[in-house]
Amino acid sequence: MSKNSGLPSFASTEADNSQGFVLSVSGPVVIANQLAGAAMYELVRVGHNQLVGEIIRLEEDTATIQVYEETSGLTVGDPVLRTHKPLTVELGPGIMNNIFDGIQRPLNAIAEITKGIYIPRGINTPSLNRTIKWPYQPDTKLKVGDNVSGGDIFGQVVENNLIIHKIMVPPKEMGTIVEIAPAGEYTLDHALLTIEFDGKRKQLTMVHNWPVRSARPVIEKLPCNYPLLTGQRVLDSLFPCVQGGTCAIPGAFGCGKTVISQSLSKFSNSDAIVYVGCGERGNEMAEVLMEFPELHTKVGDKEEPIMQRTCLVANTSNMPVAAREASIYTGITLAEYFRDMGLNVAMMADSTSRWAEALREISGRLAEMPADSGYPAYLGARLASFYERAGRVSCIGHPTRIGSVTIVGAVSPPGGDFADPVTAATLGIVQVFWGLDKKLAQRKHFPSINWLISFSKYMQALDTHYDQMDPEFVPLRTRAKEILQMEEDLSEIVQLVGQDSLGESEKITIEVARIIRDDFLQQNGFSPYDKCCPFFKTVWMLKNMMTFYNLAQKAVESSTADNKVTWNQIKNELKEIIHRITSMKFQDPTDGEQTLTAHFSTLNEDIITAFRNFSDLV
């Protein structure tokens with residue numbers, strides 16, 4: 001009898017006669033025999049503690065199993081129970097505002113059961129709370145005798161003020177409605193809809209299961225055309241992502257990957273967030289758990305905690321290595337489920353490097369042929385199959401709806417080396433690359449995104465959208481990028497011969513580039529006025545900086561040889577204007593769009609007037 005005998009276990013609920021026996025144990029990899037008829041990726045329970053495992057290789061009646069829990073204490077001859085199903089997640093009300101481990105065990109519920117801070121081995125508790133009664137409202141258009149198929153919405157549950165949970169027919173089910181439950185409060189296991197197909201009746205509840213390694217079906221993938229607004233000026237203006245896009249954030253330790261991931265979770269224009277902490281420090285998840293409940297978003301006149309639209313999957317670095325792979329798949333399956341309701345979901349994976357390291361460790365124990373840096377040869381294929389589950393799609397079922405999953409994957413290359421196999425493979429897959437720079441981070445320039453190596457392939461897809469919002473934005477962005485590139489080209493000359501040897505036009509370029517770097521690209525994520533920058537503020541800041549640059553260049557170019565205008569003259573005469581331009585970031589968005597627009601518009605007019613007066617003086 002195991003020492004956790006008082007806890008719910010698998011054997012007490014789903015034990016099966018099909019059983020094999022452990023042959024060998026090597027860390028998280030267990031080899032068992034007498035498992036003829038088992039399937040690849042079938043879930044098994046290993047040992048007397050019934051540890052969760054997954055079959056990853058089959059040879060005759062011998063199976064190689066990766067175990068998602070600590071394997072110390074397993075011995076040769078221990079039983080291995082088959083479950084006849086793959087690793088699945090439970091999908092239904094109660095996912096949001098919850099924290100799971102890599103195989104969707106609810107950490108809050110386990111803490112209440114065990115009254116401790118550790119997860120006992122082999123514990124088998126339902127992922128979603130079966131005792132809560134949810135207010136269910138059936139779809140009034142459906143009636144007995146109607147035909148339904150996978151993806152059809154037959155009711156809804158108001159999970160909280162941010163998420164209205166649509167209850168759907170599971171993707172592989174279909175039939176004729178025999179019975180419909182009336183509106184009321186029900187638990188997850190209560191039958192809400194009874195359907196009949198081919199003479200067999202099936203009762204549908206609020207919850208259904210889905211295998212994590214299979215993508216949920218869709219009608220078709222659609223082109224992405226709406227930006228994912230992050231609240232970070234450098235990302236929204238220079239390297240935008242779309243809802244349904246794929247992004248990578250590679251960077252060395254201390255560059256701010258986690259802060260960017262967390263600010264995306266806090267301030268992006270997504271309807272739901274799935275945050276997967278995959279192999280990172282436990283303190284980072286603790287930080288999220290402490291900060292998120294205090295953050296609020298406005299819904300109508302009320303403030304609501306953003307934790308209500310967030311689901312956390314925590315698989316920290318001290319948890320079993322094999323479960324890191326499962327946590328990524330668990331996260332993306334949860335995200336696809338909310339996408340099928342017609343929501344725009346953002347999934348943060350922090351970090352995919354730790355997942356790749358788990359693949360490398362298990363691959364090594366399986367004695368597979370190593371490729372670059374010891375990673376398995378199928379690393380690129382695994383990464384691609386994960387990122388390909390992102391996208392904007394037309395969902396199956398009725399009524400027709402469009403949803404999206406955006407994947408933002410943080411990558412931690414050792415020593416910040418972007419030639420690392422994981423970073424190189426990720427770069428070939430993703431459409432947006434936000435490269436973090438150690439030197440910028442050391443200069444305390446945050447977010448430390450290097451504007452010279454980062455890129456976004458969604459620029460053209462979003463140009464139509466930007467033209468509708470503000471026709472001036474695209475030319476402004478192009479001009480700002482040119483100035484930053486020119487500054488980089490001039491920096492070598494400045495280092496060799498000094499800034500005084502440059503022409504006046506180049507001096508203006510260098511100074512305006514410095515203003516863009518320090519007062520536009522740099523952003524204090526911990527200040528109330530700058531933690532989130534709305535898009536209108538970003539555009540106005542860029543507009544005023546470019547207006548100043550264009551007028552300064554014009555003043556220098558139009559001056560005559562005997563009355564040459566210099567940068568020093570402009571700087572001395574327009575000191576107050578330059579100070580106001582550099583102080584634009586201090587305008588607080590909570591004052592409202594009208595107030596800020598009026599302020600920036602006045603500044604724009606003042607810049608034009610100041611240069612007009614300056615040219616009259618000269």
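Placement of Cβ uses the backbone N, Cα and C atoms for every residue, glycine included.
These numbers come from a predicted model, not from an experiment.
Some features that Swiss-Prot has for this protein:
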type    : residues                                                       : note
BINDING : GLY251, ALA252, PHE253, GLY254, CYS255, GLY256, LYS257, THR258 : ATP binding site
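Swiss-Prot feature annotations superimposed on the structure.
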residue	record	Cβ contacts under 8 Å, 6 or more apart
GLY251	ATP binding site	LYS257, ALA410, VAL411, SER412, PRO413, GLY416, GLY435, LEU436, ASP437, LYS438, ALA441, SER448
ALA252	ATP binding site	SER412, PRO413, GLY415, GLY416, LEU436, LYS438, ALA441
PHE253	ATP binding site	SER412, GLY416
GLY254	ATP binding site	LYS438, ALA441
CYS255	ATP binding site	GLY416, LEU436, ASP437, LYS438, LEU440, ALA441, SER448
GLY256	ATP binding site	LEU436, ALA441, PHE446, PRO447, SER448
THR258	ATP binding site	GLU280, GLU284, ASP350, ALA410
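Summary of the ATP site environment: with the site residues GLY251, ALA252, PHE253, GLY254, CYS255, GLY256, LYS257, THR258 set aside, the chain residues having Cβ atoms within 8 Å of the Cβ mean position are SER412, LEU436, ALA441, SER448. DSSP assigns CYS255 (ATP binding site) to coil in the three-state reduction, placing it in neither a helix nor a strand.
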